[in-house]
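In what follows, a structure is listed as structure tokens, so that the remarks can point back to it.
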Amino acid sequence: MKWLVFLGLVAFSECIVIMLLTKTKTMREIWREKKLLNSFLEEQANRMSDDSASDPKLSTHPLRNALDMAYVGNITIGTPPKEFRVVFDTGSSDLWVPSIKCISPACHTHITFDHHKSSTFRLTRRPFHILYGSGMMNGVLAYDTVRIGKLVSTDQPFGLSLQQFGFDNAPFDGVLGLSYPSLAVPGTIPIFDKLKQQGAISEPIFAFYLSTRKENGSVLMLGGVDHSYHKGKLNWIPVSQTKSWLITVDRISMNGRVIGCEHGCEALVDTGTSLIHGPARPVTNIQKFIHAMPYGSEYMVLCPVISILPPVIFTINGIDYSVPREAYIQKISNSLCLSTFHGDDTDQWILGDVFLRLYFSVYDRGNNRIGLAPAV
């Protein structure tokens, strides 16, 4: 998956705001090209372990991987508005950007927020901490006016980072979460819920279309759905719990053989992850099945082999969603290709952009369901 950078914002209708996106690189790709990925991951793992041990009261969100965050667009904060580039992430619920008082080197290469220059800013003394799989931010909770195109959320809670790790080469300033309020900092309200509460959007729905083209064409829709971006009807899947975009997968198979989720499992539909993540054991089985070999922290396949690889089938709510080899294998060089399956110490699967490039996705908060249909 490539990084998606905001190109512009247009109103599709009075009910829908559409953000037009284009692609750049993920942090993982940047570090891989510099041949520093493995040393970076080792350094971050040691740092996270030390930081967590030194602060047992650190509040953590479901572990995010900042290396693979994918959807990026522009918002503004404050009065007058200050523009920031943020990740649009269905795996988290909070908004945060760097403060001008941030002391970390990563903040010096990103846009920072100067609260002295905003007439609508309101500061609190409440701490704001998020631990990521490949980074961390520590800061303070604040309130101000936030704009996403023509959508305006007044007195919106957000985090101002004072210290960051793992974001030095990030092509974004902060993160804007689009998940449920239960994942947000206690006592705060996510921006999507605030927009609905304030009447800025008529329907509590948003949708993502991730183009397979190399440059332009990807879209985030807020407040409605443009059905010209998918083929056939939307298949609706209830969320497993009304606290995140988690759904039930019936099984995962290749060549008619079940290779994962034999008795059903849960998967997070996550725009903030570019790969497909899963429990280490079944993912290792998939790597063996596709003849992938460990290469540092990743798995590689000899490119000539991929022509014989079968699709991976995710059966969800009785419907088969095929992920062909062209989607789950990425070419790195003339001879080496990358497997986009990644094993984790978890029981949960994550359907990231490898999956979402194939399937248009709709997130319906009003009915607690996700709609999927083949993307055009």
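In case you wondered, yes, glycine gets a Cβ from its N, Cα and C as well.
Among the features that TrEMBL reports, signal peptide is placed at 1-15.
Under the heading domain 'Peptidase A1', TrEMBL lists 71-373.
The active site annotation in TrEMBL covers ASP89 (among others).
A C-beta separation below 8 Å, combined with a sequence spacing of at least six in one chain, links CYS107 (disulfide bond) to PRO98, SER99, SER161, GLN164. The disulfide bond annotation in TrEMBL covers CYS102-CYS107 (among others).
Within the same chain, the residues at least 6 positions away from CYS261 (disulfide bond) whose Cβ sits under 8 Å from its Cβ are VAL249, ASP250, ARG251, ILE252, PRO282, TRP349, listed in sequence order. What TrEMBL records for CYS261-CYS265 (among others) is disulfide bond.
ASP270 (active site) has a Cβ environment of 31 other Cβ atoms inside 10 Å. The active site feature in TrEMBL is assigned to ASP270 (among others).
Per TrEMBL, disulfide bond is recorded for CYS303-CYS337 (among others).
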What is the nearest of the disulfide-bonded residues CYS102, CYS303, CYS337 to CYS265 (disulfide bond), using the Cα of each?
CYS337
Whole-number Å only: compute the distance from the Cα of ASP89 (active site) to the Cα of ASP270 (active site).
7
Fewest other Cβ within 10 angstroms of its own Cβ, chosen from the disulfide-bonded residues CYS102, CYS265, CYS303, CYS337:
CYS303
Need one number: mean pLDDT over the domain 'Peptidase A1' (71-373).
93
